[in-house]
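K.L.:
Per TrEMBL, the features are:
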type: DOMAIN; residues: 9-86; note: domain 'Threonine synthase N-terminal'
type: DOMAIN; residues: 104-372; note: domain 'Tryptophan synthase beta chain-like PALP'
type: MOD_RES; residues: LYS114; note: N6-(pyridoxal phosphate)lysine
Amino acid sequence: MGKNYTQMKYISLNDKNHKVSFEDAVVRGLAPGKALYFPEEIPNLPKGFFQNLNKHSKEEIALEAIKPFVGDEINKNGLQRILKKTLDFEFPVVPISENTGTLELFHGPTLAFKDVGAGFMAGCLGHFVKKGNLGKITVLVATSGDTGGAVAKGFLGVEGIDVVILYPKGKVSEIQEKQLTTLGQNITALEVNGNFDDCQDMVKKAFSDSEIGEKRQLTSANSINVARWLPQMFYYFFAYKQLAEKEQKLVFSVPSGNFGNICAGMLAKKMGLPIDHFIASNNENNVVTRYLKSQKYLSKPSVQTISNAMDVGNPSNFVRILELFNNEFKPLSNQLSSYSYSDEETRKAIKKVKEKYDYVMDPHGAVGYLGLQEFLAENPDYYGIFLETAHPVKFLETVEKVISEKVEIPVSIKEVMNKEKKSIEISDYAELKEFLMQ
Ligand SMILES: Cc1ncc(COP(=O)(O)O)c(C=O)c1O
Ligand SMILES: N[C@@H](CCOP(=O)(O)O)C(=O)O
């Protein structure tokens, strides 16, 4: 039997003596000095649990996986309620070829994999606000495309919480922009003259600004927040449940930007989920691909690509990945490969997979597909899954041009496209501060 965790502590990755409860980690978002929180202990789930995954519903699997991280800070009924609401859609593995399948993570309300993390965090934060005397909370979030829409939808109308989304002007798709600028109520969108890294830096800076801290209680809904990051591990359990019959070794290719998703998968492996290898598939924002080649981590300002949600120059979660491996390069590089692709290669992959397998990938999934094929070419004894992290309709212009076909637009997207965009333009941190100090 696994250990019974009643209270998991979260340490700061800058100072392991700084420890807080799950609630504190969620409410604060970031530890002092812009550091990330990390679970003090990684639980081991019992072997029997993995052997019997296919006997359990997705809500039961998620409950077992997340319970040790939440402890008794949210009771079982409360956690079940949050999970039921969060996981109210499917996570199918779709076979593509003999040795390749895709895990479709885009069946949620905003057609992006972020819906799970956003829904779970909104549920947890809503629970803590309701039960305690926390006062009003402002959720700050930086987005390169998809997080913003998912967080906006997940937190819409949640009492006691205001959401402020920063997104880079002109660098998100039309649908993504509509999803994060049209909801109103407790959601405000700030359109930043800059790139995603500028947005993410401003958000992190606001956390260490004591004047803002006196005026507003801030937290983050990016994957730096443990309640946004941890539930992303569910995907790997759900995929494994559908793959239990496969006898080959198993590899996951994860289109990566801020590296929260792949890091959650590696956490699931550490908890006992039998995954053999991971691939971080990158567009030209490839700091981790370069790190694995050179052992030197040299971040660069992000460049704009057609897989825009991965246009991240300095991924927040890479420090968590290093922590999972005690900062040792060898064991990390044994478990993780990484490749990087240009937009041209991404377009060609979308076209090829449509023609050969009649499957339409979005640009992010296509980068994942390319990474997987490169790995499988050298490791033919594996079965590979690439994650389809967003619905192709979110990148309509790119995808339709490449496949020379119309993509059917779901009703929810048609509705959002007819709404009016409302945003406030800002250019620097001073303007963000002015807004937050109002
Ligand atoms: C569609 C899509 N794919 C991939 C990613 C990269 O995920 P991560 O930041 O967890 O690496 C994102 C955003 O982060 C995304 O929105
Ligand atoms: N790709 C993301 C960037 C932020 O990632 P997060 O997981 O840390 O929120 C996006 O779509 O905004």
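Heads up, the Cβ atoms here are built off N, Cα and C, so glycines get one too.
Automatic prediction, not curation, is the source of TrEMBL annotations.
For the listed features, I'd like the structural context: burial, neighbours, distances.
P.N.:
Of all the Cβ atoms in the protein chains shown, 31 others lie within 10 Å of the Cβ of LYS114 (N6-(pyridoxal phosphate)lysine).
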K.L.:
Under a three-state reduction of DSSP output, how is LYS114 (N6-(pyridoxal phosphate)lysine) classified: helix, strand, or coil?
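P.N.:
The three-state answer is helix.
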K.L.:
Run through the domain 'Threonine synthase N-terminal' (9-86) and tell me, per DSSP, how many residues are helix, strand and coil.
P.N.:
45 helix, 14 strand, 19 coil
K.L.:
Restricting attention to the domain 'Tryptophan synthase beta chain-like PALP' (104-372), give the mean pLDDT.
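P.N.:
When the pLDDT values over the domain 'Tryptophan synthase beta chain-like PALP' (104-372) are averaged, the result is 96.
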